[in-house]
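A.B. asks: Submitted below is the structure of interest, expressed as structure tokens.
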Amino acid sequence: MSCYRKRHFLLWLLRAVCMLHLTARGAYATVGLQGVPTWIYLGLKSPFIEFGNQVEQLANSSIPLNMTKDEQANMHQEGLRKLGTFIKPVDLRDSETGFVKADLTKRLVFDRPNNITSRPIHPIQEEMDQKQIILLDEDTDENGLPASLTDEDRKFIVPMALKNISPDPRWAATTPSPSALQPNAKAISTIVPSPLAQVEGDPTSNIDDLKKHILFLHNMTKTNSNFESKFVKFPSLQKDKAKTSGAGGSPPNPKRPQRPIHQYSAPIAPPTPKVPAPDGGGVGGAAYNPGEQPIGGYYQNEELANNQSLLKPTDTDSHPAAGGSSHGQKNPSEPQVILLNETLSTETSIEADRSPSINQPKAGSPARTTKRPPCLRNPESPKCIRQRRREEQQRQRERDEWFRGQSQYMQPRFEPIIQTINNTKRFAVSIEIPDSFKVSSEGSDGELLSRVERSQPSISSSSSSSSSSSRKIMPDYIKVSMENNTSVTDYFKHDVVMTSADVASDREFLIKNMEEHGGAGSANSHHNDTTPTADAYSETIDLNPNNCYSAIGLSNSQKKQCVKHTSVMPAISRGARAAIQECQFQFKNRRWNCSTTNDETVFGPMTSLAAPEMAFIHALAAATVTSFIARACRDGQLASCSCSRGSRPKQLHDDWKWGGCGDNLEFAYKFATDFIDSREKETNRETRGVKRKREEINKNRMHSDDTNAFNIGIKRNKNVDAKNDTSLVVRNVRKSTEAENSHILNENFDQHLLELEQRITKEILTSKIDEEEMIKLQEKIKQEIVNTKFFKGEQQPRKKKRKNQRAAADAPAYPRNGIKESYKDGGILPRSTATVKARSLMNLHNNEAGRRAVIKKARITCKCHGVSGSCSLITCWQQLSSIREIGDYLREKYEGATKVKINKRGRLQIKDLQFKVPTAHDLIYLDESPDWCRNSYALHWPGTHGRVCHKNSSGLESCAILCCGRGYNTKNIIVNERCNCKFHWCCQVKCEVCTKVLEEHTCK
């Protein structure tokens, strides 16, 4: 009989232990205190991108203007028209004229009438309307002028007719008149533009106004010395110089040679020295007369003025030119200005390059005093021919390089871009052009071969055969190009269709249309682009949609969005990684240093807490993801978005242009909201769904019925013999159960459960009880288990409100079982006021606060465009701030976070009414932070033991704060390093070995 009782007792004990295990897990399954999986795990290990060792940060090479050179030229002409016909004196101390002050920030206040009630607007538009405008100038000095300009540049103000922004090679070289070769004739050179140039307006139409204006400027320089310092002198227009211009007097050399006017513009190719044609066949058909003064305001340096001047007076008669157009005879004493217009092209004539000759001086003219260059004395020498070929090849390479830089801005007119451009091994883009849109090349085989030859990198040790072949190919190409007479702008008259991603690997994509016209070179030439471009992903990415189902930490709705928008996942992964790195930077000197684990919770069991630290993490992760998506849109890495299309801010000046290529905050804000908040909003989640809640309610009802039945049995057996140690057993069981409650969230839950079983068995076996008392004891144990786990926390009386709310906020929270337990024992407490709905509302609020932080720290950036630093045109766009700036802003919000609770209506409200209501930019939390000073097994937190601190610091990294008053250990570290290094001739560096003793302080 005793064996039967003992067997029955063991079976009952086993059933009680199993029931304890199941009820404990069921009670805390909805709370999720074992750690909540999060999508931030993509920052540790992502199937979409292979992370490197670098720190994630936004690309700072912003693109202020996403447009071609032609569009910039049109904008420049528009700005010149706004300046007026005559240039007025400029006061450098007046900012209204366009010069930038030292204070680059212009604050424009927009006052809205109070009586107007407007409907709610988008948060991005609301923030942009309140932004301060920052006017940028890359290199400015204390006066606000570009620091790269010299003194002569700062006082050089070019008249209207001289402002040619891009000399076009379509203007043909001047044709010499037949009568120019006749001696003893006086004429003025006739300039005949090419037929292509006649389509556009001739910039010499306002020549009379230009002359009057230049004379007006020189009269002003004589009366006002201050005014003279701001302008360039024109010696050829002075009256006394005009009278002696034909006497052979040499012009006085200025203190500093002025820059050519075309250098203030943006030419396609840099100007090269011109070689004069034989017998007056040079520019303007005039022969060179040494000793005479050049006419006009176009100045070269000393070498060009003595040897290769383009602007020369002539004494020959004027006759009709080849084109049939002629100019009337003019008085040689009248001041003349030869403009730098399109007829004076920067491109040299091929015939003049291949067969140059020397201008023979006339009879009676003074002999040349200086020795001419070798190429003028013997232009047919092999050395001079090679030099001319090298110059032509250099100009062609610069033109090709410029077109390659503009190839990425070629947008299709009829087809959208289906896929993005990613320079990776697994994902790349190829460009396909339909046959109906391809343009047949009219060039010969020599032209194609020359382009292939130019695209090869130049190697100093190249063979003689390759160099000779290039010499053979080059003249043919020059001949063909001159016969075809193709213009520079022909490259922009063709469309490019970007259709799909294909097989390009480890190289930049090439636009076929540009390649057919010689506009594209080698694949490695993108490093020399003049326009700043955003680099593609340097890491290897994999955009397979099947990776979304294997990604760890994503919810069901997030996986669905991942499949639909797989191309955005690398940006989200980089944003999650940047959030982890920024969190560790911001908290590196605090007690909790944002340590991570290798599981899907990223931060361990503390993710189940609604503490301020988790509020900061949620806000920072939402902010970084929004920033990286917005920057990826701007850089062209996503096919679903491009540059920002945001509306124009209200405080922006009317004359300023709103455009450029800004960060697409609108798309990033919407996508980040849908992706991140979907975990909190979905209704069929594992721990927060309606179905799970109903099962919990039904389970509570069943246990409530069982408890009522047990209470009836307890009332009948209220008096138990104290000699049998029944009360001692119940007390020990209660203590064991409460200890299990405090450690229920430990990862070693099974081990604690086994210890509890051993304690119960030991207490029962050591006590002397009979069969009837054992039955009563079973009922009491069962009652204690059920009441402790389920109903004691719900039946806890409501606490009275303390007068000191600060003390109440600093006091440790109470668990559901009503037992005061601090965090110092390693146990983790269940949330008292935070329910599942409150935690979801808290996460939604903090996510929105992170996105608002990105909008808050974004700025409106403007840049001046114009000649010599003048703001003839101002372009503005919106630009993101750095991740570090956003992290600093959110850390300040973390320090001022507000504690909230959920009310009866299911909404969050502040717990202490003395504090102000948090806005959408503030952080909120539900639970107080644990004690980070001591180790916690439940939180997987080792405490601050062994942390390095600073002894003499007064901040958070000081030993007094970081060590929590426990003191610190001091350790001396001896370091041997090289010092006092010196270089000895020859080729030796000798250093001494210095010994340093460093002190390291660690917390006890």
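Glycine is no exception: its Cβ is also placed from the backbone N, Cα and C atoms.
So Swiss-Prot lists the following for this protein:
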SIGNAL    1-29  signal peptide
CARBOHYD  N60  N-linked glycosylation site
CARBOHYD  N115  N-linked glycosylation site
CARBOHYD  N219  N-linked glycosylation site
REGION    238-298  region 'Disordered'
CARBOHYD  N307  N-linked glycosylation site
REGION    310-407  region 'Disordered'
CARBOHYD  N341  N-linked glycosylation site
COMPBIAS  389-403  compositional bias 'Basic and acidic residues'
CARBOHYD  N422  N-linked glycosylation site
REGION    438-472  region 'Disordered'
COMPBIAS  458-470  compositional bias 'Low complexity'
CARBOHYD  N484  N-linked glycosylation site
CARBOHYD  N485  N-linked glycosylation site
CARBOHYD  N528  N-linked glycosylation site
DISULFID  C583-C594  disulfide bond
CARBOHYD  N593  N-linked glycosylation site
DISULFID  C633-C641  disulfide bond
DISULFID  C643-C661  disulfide bond
CARBOHYD  N724  N-linked glycosylation site
REGION    790-822  region 'Disordered'
DISULFID  C862-C876  disulfide bond
DISULFID  C864-C871  disulfide bond
LIPID     S868  O-palmitoleoyl serine
DISULFID  C933-C964  disulfide bond
DISULFID  C949-C959  disulfide bond
CARBOHYD  N952  N-linked glycosylation site
DISULFID  C963-C1003  disulfide bond
DISULFID  C979-C994  disulfide bond
DISULFID  C981-C991  disulfide bond
DISULFID  C986-C987  disulfide bond
A.B. asks: Looking at the disulfide-bonded residues C633, C979, C991, C994, which has the shortest Cα distance to C964 (disulfide bond)?
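C.D. replies: Checked the disulfide-bonded residues C633, C979, C991, C994; minimum Cα distance to C964 (disulfide bond) goes to C994.
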A.B. asks: How many whole Å apart are the CA atoms of N952 (N-linked glycosylation site) and C994 (disulfide bond)?
C.D. replies: 25
A.B. asks: If you run through the compositional bias 'Basic and acidic residues' (389-403) with DSSP, how many residues end up as helix, strand and coil?
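C.D. replies: Grouping H, G, I as helix and E, B as strand yields 15 helix, 0 strand, 0 coil.
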A.B. asks: Could you say whether, by DSSP, C633 (disulfide bond) belongs to a helix, a strand or a coil region?
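C.D. replies: C633 (disulfide bond) sits in a helix per DSSP.
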A.B. asks: Measuring C-alpha to C-alpha, could you say which of the disulfide-bonded residues C643, C661, C987 are within 10 Å of C1003 (disulfide bond)?
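C.D. replies: Within 10 Å Cα-Cα: none.
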A.B. asks: Ranked by the number of other Cβ atoms within 10 Å of their own Cβ, which of the disulfide-bonded residues C964, C979, C987 ranks first?
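C.D. replies: When each Cβ's neighbours within 10 Å are tallied, C964 leads.
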A.B. asks: For the disulfide-bonded residues listed here (C986, C994), which one has the lowest count of neighbouring CB atoms within 10 Å of its own CB?
C.D. replies: C986
A.B. asks: Would you mind sorting out which of C583, N593, C661, C876, C949, C991 (the recorded positions) have a C-alpha within 10 A of the one on C933 (disulfide bond)?
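C.D. replies: If one measures from the Cα of C933 (disulfide bond), no recorded positions come within 10 Å, so the answer is none.
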A.B. asks: Measuring Cα to Cα, how many angstrom lie between C862 (disulfide bond) and C991 (disulfide bond)?
C.D. replies: 51
A.B. asks: Tell me, which recorded positions from C583, N593, C959, C963, C979 are within 10 Å of C633 (disulfide bond) if we use the C-alpha atoms?
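C.D. replies: So far as Cα distances go, none of the recorded positions lies within 10 Å of C633 (disulfide bond).
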A.B. asks: If you measure N593 (N-linked glycosylation site) to C987 (disulfide bond) at Cα, how many Å is it?
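C.D. replies: Cα-Cα distance, N593 (N-linked glycosylation site) to C987 (disulfide bond): 48 Å.
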